[in-house]
Amino acid sequence: MQSTKKAIEITESSLAAATTGYDAVDDLLHYHERGNGIQINGKDSFSNEQAGLFITRENQTWNGYKVFGQPVKLTFSFPDYKFSSTNVAGDTGLSKFSAEQQQQAKLSLQSWADVANITFTEVAAGQKANITFGNYSQDRPGHYDYGTQAYAFLPNTIWQGQDLGGQTWYNVNQSNVKHPATEDYGRQTFTHEIGHALGLSHPGDYNAGEGNPTYNDVTYAEDTRQFSLMSYWSETNTGGDNGGHYAAAPLLDDIAAIQHLYGANPSTRTGDTVYGFNSNTGRDFLSTTSNSQKVIFAAWDAGGNDTFDFSGYTANQRINLNEKSFSDVGGLKGNVSIAAGVTIENAIGGSGNDVIVGNAANNVLKGGAGNDVLFGGGGADELWGGAGKDIFVFSAASDSAPGASDWIRDFQKGIDKIDLSFFNKEANSSDFIHFVDHFSGTAGEALLSYNASSNVTDLSVNIGGHQAPDFLVKIVGQVDVATDFIV
């Protein structure tokens, strides 16, 4: 999604990534840019923070009205409804959650507790609980309901003197509700309704069964299932593509919302965590074992040296390690994001032609097979292109400063390229970067120095016109000035 400070329309052409060098990196860095006065599809664009606040606009929490950022301990149960024939909404045919449903509901609860400072404890069916789960099958006695999906009540919902807060109800006539382990829309339904029970609203003022709302009725552009599983609207409205799959856990704006209500969970995944292939997360939605098994998630991670491993995918991918960014992973679009405040240090691409963008940390980026584009950004990064014709992009002296220089670990002379074109673009000159035999203090001078004994080439550049170079990249292998640079 190309972003400007004017109204834009989501089209296929505006979503097409550039294919080489700096343009590919710049396109990914601005992918799904939002807020700051932008309009998308004729709607105001909300930042991640704005969206989180809007989703919590009812200001209801289990700690009290407008009591924000405080941890909470909640109970939940699966009542058997042996002595109840009708629920508060008038639905009948009530029944207890099956073992399969209970397992999936617990996984949904766990996904909320992972990102927010919430503790859930199960209590027996007959005990009072903050959050309850139940099935219904008829909207009135003898009339089976095949039209609705589920509903829930926010904390502190009082109706006719009854506190309905935390009740969640599911239409067992829907096969995805009855068998949520095999149909991922059912799992999303559970997580969505628990979101309501915790205090989250839809991103817009709409409800199922109230008129015929569409995406045209949204309050802000990012009200889609790319940004929030509390939304009703397809991710395709904002240029995403989940390939017919649904998220199982809170997405980017849901995390902002729930952390506003209860604070962030500071103990989730504090070690060295791997997401995707070879995952050690213990979460099904953060893990994959085959090219056909897709992932849709927003990463919340509280520490450690972490890795996005998408090495088993064959499609071209675009992976961005910056917080609040989106990546195109495994043949989908905008299906992986990173929550605010999270640092993912490393990324491993697959066998397609991947674009991988690092952040300010010391990143290890591995392109794998295919013709890849790698950009470390700030920090002292290690870049591995892998097999194929790879491009290593740099855009600032701070990307690889002396004393904290990047390493290109597997440069292939005459095959790979180093892209310094942004320096020329910034200087508004086609020959700002020019190679010399020695430095004279002139800005733009570049020098290659090869050490045969170590097989390491130093690429030094004087960007600022100082007496000494202010940019240094260490390269394993030889580099040819005539063939191996884009300037």
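Every residue, even glycine, has its Cβ placed from backbone N, Cα and C.
The structure displayed is predicted, hence computed values, not measured ones.
Annotated features in Swiss-Prot:
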type     : residues                                       : note
BINDING  : His192, His196, His202, Tyr232                 : Zn(2+) binding site
ACT_SITE : Glu193                                         : active site
BINDING  : Arg269, Gly271, Thr273, Asp301, Gly303, Asp306 : Ca(2+) 1 binding site
BINDING  : Gly304, Asp306, Thr343, Glu345                 : Ca(2+) 2 binding site
REPEAT   : 348-365                                        : repeat 'Hemolysin-type calcium-binding 1'
BINDING  : Gly350, Gly352, Asp354, Gly367, Ala369, Asp372 : Ca(2+) 3 binding site
BINDING  : Asn359, Ala361, Asn363, Gly376, Gly378, Asp381 : Ca(2+) 4 binding site
REPEAT   : 366-383                                        : repeat 'Hemolysin-type calcium-binding 2'
BINDING  : Gly368, Gly370, Asp372, Gly385, Ala387, Asp390 : Ca(2+) 5 binding site
BINDING  : Gly377, Gly379, Asp381, Asp399, Asp406         : Ca(2+) 6 binding site
BINDING  : Gly386, Gly388, Asp390, Asp416                 : Ca(2+) 7 binding site
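With a cut-off of 8 Å between Cβ atoms, the residues of this chain six or more beyond the repeat 'Hemolysin-type calcium-binding 1' (348-365) that come close are 17, 19, 24-25, 28-29, 277, 307-323, 330, 371-384, 386, 388.
Neighbour counts of Cβ atoms within 10 Å were taken for the binding-site residues Gly303, Gly350, Gly368, Gly370, Gly388; the minimum is at Gly303. The repeat 'Hemolysin-type calcium-binding 1' (348-365): residue composition by secondary structure is 0 helix, 6 strand, 12 coil, according to DSSP.
Distance from the CA of Asn359 (Ca(2+) 4 binding site) to the CA of Asp399 (Ca(2+) 6 binding site) is 10 Å. Gly367 (Ca(2+) 3 binding site) sits 5 Å from Gly385 (Ca(2+) 5 binding site), counting Cα to Cα. Across the repeat 'Hemolysin-type calcium-binding 2' (366-383), DSSP assigns 0 helix, 6 strand, 12 coil. Less than 8 angstroms from the CB of Asp301 (Ca(2+) 1 binding site) sit Thr268, Arg269, Thr273, Val342, Thr343, Ile344, each of them six or more residues away in the same chain. Non-local contacts of His192 (Zn(2+) binding site) by the CB criterion (under 8 A, 6+ apart in sequence, same chain) comprise Ala150, Leu229, Met230. Cβ atoms within 8 Å of the centroid of the Cβ atoms of Gly368, Gly370, Asp372, Gly385, Ala387, Asp390 (the Ca(2+) 5 site) belong to the same-chain residues Gly349, Asn353, Asp354, Gly367, Ala369, Asn371, Gly386, Gly388, Lys389, site residues excluded. Excluding Gly377, Gly379, Asp381, Asp399, Asp406 themselves, the residues of that chain whose CB lies within 8 A of the CB mean position for the Ca(2+) 6 site are, in sequence, Gly358, Asn362, Asn363, Phe375, Gly376, Gly378, Ala380, Ser400. Annotation: Gly304 are the binding-site residues among Gly304, Gly370, Gly379 whose CA atoms are within 10 angstroms of the CA of Gly271 (Ca(2+) 1 binding site).
The separation of Asp406 (Ca(2+) 6 binding site) from Gly376 (Ca(2+) 4 binding site), Cα to Cα, is 8 Å. Cβ neighbour density within 10 Å is lowest for Gly271 among the binding-site residues Gly271, Gly352, Gly376. Considering only the binding-site residues Gly304, Gly368, Gly370, Asp381, the residues lying within 10 A of Gly350 (Ca(2+) 3 binding site) on a C-alpha to C-alpha basis are Gly368, Gly370.
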